[in-house]
Amino acid sequence: MRINPTTSGPGVSTLEEKILGRIAQIIGPVLDVAFPPGKMPNIYNALVVKGRDTVGQQINVTCEVQQLLGNNRVRAVAMSATDGLMRGMEVIDTGAPLSVPVGGATLGRIFNVLGEPVDNLGPVDTRTTSPIHRSAPAFIQLDTKLSIFETGIKVVDLLAPYRRGGKIGLFGGAGVGKTVLIMELINNIAKAHGGVSVFGGVGERTREGNDLYMEMKESGVINEENIAESKVALVYGQMNEPPGARMRVGLTALTMAEYFRDVNEQDVLLFIDNIFRFVQAGSEVSALLGRMPSAVGYQPTLSTEMGSLQERITSTKEGSITSIQAVYVPADDLTDPAPATTFAHLDATTVLSRGLAAKGIYPAVDPLDSTSTMLQPRIVGEEHYETAQRVKQTSQRYKELQDIIAILGLDELSEEDRLTVSRARKIERFLSQPFFVAEVFTGSPGKYVGLAETIRGFQLILSGELDGLPEQAFYLVGNIDEATAKAMNLEVESKLKK
């Protein structure tokens with residue numbers, strides 16, 4: 001760890017003692033800076049421009065060196081707006097990459113790309129900082145054992161299980177429950193794994209960032225009374241920020257997550273919303289730096305940039321970073337270079353369905369579209385694999401029969417198909433689950449369902465033992481015992497009504 005060179009504090013050498021350069025050219029967020037001969041900064045060094053603009057306003061802009069141009073000049077990308085900068089202004093080489101605060105003091109706080117708190121709750125109470133550019137863990141440090149990361153969410157654990165230290169793509173439009181699913185995962189990892197979460201908002205709407213913060217406070221994921229008890233750190237570089245900030249904010253969030261993994265030896269959840277915006281920002285910066293564009297106008301370094309981020313997200317012998325990344329697919333074209341490059345790194349996909357959300361089945365995870373490389377008998381065991389396959393087969397058959405049901409009705413189906421439809425409808429409802437973070441909206445207490453309980457429940461439905469129970473008994477319950485208890489209550493209620 002090193003002291004953050006871009007922030008002043010006791011024991012920090014003042015920036016004035018550092019090497020000075022001068023701005024030679026400004027083109028939007030890109031600065032060319034001239035330095036004295038023999039005193040050139042390294043690639044990725046942080047440069048700071050301090051001074052006053054023409055109306056006397058204080059300027060403090062941090063940039064990152066991207067290219068060494070020759071003739072003692074470097075080209076840097078600004079992390080904030082370059083309004084008010086002028087040629088000839090002094091630029092200070094900090095001598096190190098951007099460094100951000102890490103550790104427990106970051107929990108419950110909101111940061112920008114530079115690691116500065118932006119939540120008006122005062123400075124961060126930590127002296128420990130870490131540079132955002134690091135190499136991925138060496139191969140001998142990796143934990144190569146394939147193990148499932150239990151989330152306590154039935155549909156995820158059974159049909160598209162997450163890998164511990166893996167990368168998951170989260171696909172879904174607006175209003176289908178992405179935010180609530182993310183908050184439930186943050187809550188469950190804290191309770192079941194004693195882990196923490198880091199949320200990186202990359203190039204999305206500022207309103208969404210604000211909504212997420214408010215909902216986290218409401219649901220208790222961020223504890224306002226005792227901020228240290230919070231379970232998540234938030235890092236934002238939203239749509240209104242320059243491309244440099246959007247390109248680097250993912251690394252800022254990842255650096256905070258790496259500290260929890262490597263030093264605190266915890267299981268960490270890293271959320272990136274949206275990974276496409278990371279690629280988009282890299283494309284903008286690449287064009288500004290004058291690089292020749294590649295396919296569809298993307299940067300020629302697309303695979304390298306994506307790899308340098310994704311390779312750092314992994315399990316080591318100390319702890320793990322499991323990453324859930326929202327993926328925007330431009331024009332629904334899965335062959336676009338940005339999503340195609342992302343898919344190469346994913347271990348599982350969780351697809352949220354508007355149709356299920358419209359039926360009121362939450363979480364609205366599509367059991368047929370969601371996939372996972374972990375769903376193999378040698379990894380999850382024969383029992384889990386067989387149960388998952390039978391659930392998918394039953395759901396698929398029900399999907400095929402829906403057109404016939406819509407035209408001719410249930411009565412025209414064969415006895416076997418009627419039984420399949422009945423069980424599939426029970427399965428569909430049993431895949432729903434009350435969430436802890438949604439208690440304040442639904443009034444139903446949240447449920448964490450272990451994997452063994454989940455498998456047992458679906459086996460009982462598939463075996464036909466519960467064919468006599470009504471469908472609504474399976475809706476928004478935890479384990480199968482709650483469904484049978486709910487069925488008895490429904491029976492008592494119907495008798496009382498008579």
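Any Cβ shown, glycine's included, is placed from N, Cα and C.
These come from Swiss-Prot:
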type    : residues                                                       : note
BINDING : Gly172, Gly173, Ala174, Gly175, Val176, Gly177, Lys178, Thr179 : ATP binding site
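Long-range C-beta contacts of Gly173 (ATP binding site), restricted to its own chain and to partners at least six residues apart, with a cutoff below 8 Å, comprise Leu352, Arg354. Around Ala174 (ATP binding site), a 10 Å sphere centred on its CB holds 7 further CB atoms from the protein chains shown.
Apart from Gly172, Gly173, Ala174, Gly175, Val176, Gly177, Lys178, Thr179, the residues listed for ATP, the same chain places the Cβ atoms of Leu352, Ala357, Ala364 within 8 Å of the centroid of those Cβ atoms. Minimal Cβ crowding within 10 Å, among the binding-site residues Gly172, Gly175, Gly177, is found at Gly175. Remark: Val176 (ATP binding site) has Leu352, Ser353, Arg354, Ala357, Ala364 as non-local neighbours, by Cβ distance under 8 Å and separation of at least 6 in sequence. In the three-state DSSP scheme, Gly172 (ATP binding site) falls into the coil class. Under the three-state DSSP scheme, Gly177 (ATP binding site) falls in the coil class.
Note on Thr179 (ATP binding site): other Cβ atoms within 10 Å of its Cβ, all shown chains, come to 18. Taking the Cβ of Lys178 (ATP binding site) as centre and 10 Å as the limit, one finds 21 other Cβ atoms among all the protein chains shown.
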